[in-house]
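K.L.:
Sharing the record's features from TrEMBL:
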type	residues	note
ACT_SITE	His41	active site, proton donor
BINDING	34-41, 151-154, Ile180, 188-191	ATP binding site
BINDING	Gln65, Gln157	(R)-pantoate binding site
BINDING	Gln65	beta-alanine binding site
Amino acid sequence: MSQVPRVFHDPSELRSEVRRAQARGQRAGLVPTMGALHEGHLSLVAESQKTCDLTVVTIFVNPTQFAPGEDFEKYPRTLDTDLKLLSRFEPVWVLAPEVEAMYPSGSTTEVNAPEIARTLEGEFRPTHFDGVATIVLKLFQVAPADAAYFGQKDFQQVRVIEEMVRDLLVPIEIIRCPIIREEDGLAMSSRNRYLSEGERKIALVISQTLRASVAQIEAGATDGNLLSGEMLALMQEAGIAPEYVTIADPQTLKSVETITAEVVILVAAKVGATRLIDNVLVSPPSSR
Ligand SMILES: Nc1ncnc2c1ncn2[C@@H]1O[C@H](COP(=O)(O)OP(=O)(O)OP(=O)(O)O)[C@@H](O)[C@H]1O
Ligand SMILES: CC(C)(CO)[C@@H](O)C(=O)[O-]
Ligand code: BAL
């Protein structure tokens with residue numbers, strides 16, 4: 001029988017309960033989200049449930065990772081629906097704190113995200129990853145889980161968090177989970193709901209272009225600049241405004257001119273006013 005998850009608003013109450021569960025020998029998993037849940041988020045919960053006795057899902061639209069003029073105010077907040085979606089899993093605890101609970105009045109301390117945050121997303125959203133690193137470290141404090149689950153859809157975000165955890169000696173395992181897509185290939189994202197019907201069709205070109213490049217690399221194409229230039233042009237022709245299309249080393253995120261080993265193809269693009277990201281990992285035949 002499905003059961004609505006237990007909801008915490010007070011971070012310190014959650015921390016005590018997580019510690020108590022761990023003292024009983026339970027393994028705790030953490031799934032940080034900004035809510036407006038979809039099957040992508042739920043796949044992270046399912047992954048956690050494979051090895052964890054208890055999963056904590058945090059639902060918090062973190063103000064410090066949005067720049068002025070971005071969509072912080074309009075970001076969808078759908079807590080009741082989110083709780084219903086989570087009721088298919090058990091046991092799940094939800095932390096849904098107020099901003100003041102995560103940023104106590106007077107707080108000025110923040111995490112300086114690692115160097116890898118300065119490229120790609122960092123060029124277009126220069127303060128974004130400092131905000132992400134700060135809130136994720138706080139979430140690790142209030143939900144001191146054994147493992148935390150992040151989607152590969154935000155590829156650079158996972159790399160930033162992996163480096164932060166390494167650099168700051170945070171005792172938590174970071175688990176990367178694959179991208180969940182709609183049937184036609186569009187990467188699931190809470191922001192997809194901003195798209196009009198026409199924009200939704202145009203947005204599909206992002207994943208189609210990624211797939212076409214994967215096919216070319218798998219068939220032996222090695223020129224990273226040529227391929228990313230072609231992708232850029234295809235998206236522009238479809239009415240998309242790419243911010244970046246980069247073929248990069250999956251570890252360093254530095255762009256790769258000649259593809260001889262596994263690469264990640266990363267895209268950020270605007271469809272109308274909506275900013276979407278997507279990526280795919282691919283290995284050339286020479287490395288297999
Ligand atoms: N399609 C997806 N497949 C797998 N994981 C995903 C997917 N979409 C989001 N996630 C992961 O869920 C976690 C929470 O992400 P978030 O709440 O920002 O969702 P989102 O749909 O990516 O929203 P946004 O539209 O704001 O980017 C992150 O670790 C993110 O990578
Ligand atoms: C990790 C995260 C929950 C931090 O606010 C957010 O960046 C997200 O949803 O990917
Ligand atoms: N998933 C990334 C959250 C953001 O765009 O702010």
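Numbering starts at 1 and runs along the chain as it is shown here.
Just so it is clear, glycine is given a Cβ too, placed from its N, Cα and C backbone atoms.
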K.L.:
Going by Cα-Cα distance, pick out whichever of the recorded positions His41, Gln65, Gln157 is nearest to Ile180 (ATP binding site).
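P.N.:
Closest recorded candidate to Ile180 (ATP binding site) by Cα: His41.
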K.L.:
Can you figure out which of Met34, Leu37, His41, Gln152, Ser190 (the recorded positions) comes closest in space to Gln65 ((R)-pantoate binding site), comparing Cα atoms?
P.N.:
Met34
K.L.:
Any idea what the Cα distance is from Leu37 (ATP binding site) over to Gln157 ((R)-pantoate binding site), rounded to a whole Å?
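P.N.:
Cα-Cα distance, Leu37 (ATP binding site) to Gln157 ((R)-pantoate binding site): 18 Å.
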K.L.:
How many other Cβ atoms are found within 10 Å of the Cβ atom of Gly40 (ATP binding site), counting all protein chains shown?
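P.N.:
There are 21 of them.
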K.L.:
Of Leu37, His41, Gln65, the recorded positions listed, which put a C-beta under 6 Å from ligand 1? Please answer none if none do.
P.N.:
His41
K.L.:
Can you list which of these binding-site residues (Leu37, Gly40, Gln65, Gln152, Ile180, Ser190) have a Cβ closer than 6 Å to ligand 3?
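P.N.:
Only Gln65 qualify.
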K.L.:
Please work out the number of neighbouring Cβ atoms within 10 Å of the Cβ of Gln157 ((R)-pantoate binding site), leaving out its own Cβ.
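P.N.:
Excluding its own Cβ, Gln157 ((R)-pantoate binding site) sees 22 Cβ atoms within 10 Å.
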K.L.:
With respect to ligand 2, which members of the binding-site residues Met34, Leu37, Gly40, Gln152, Ile180, Ser190 satisfy a Cβ distance under 6 angstroms to one of its atoms?
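P.N.:
If the test is a Cβ under 6 Å from any atom of ligand 2, the answer is Met34.
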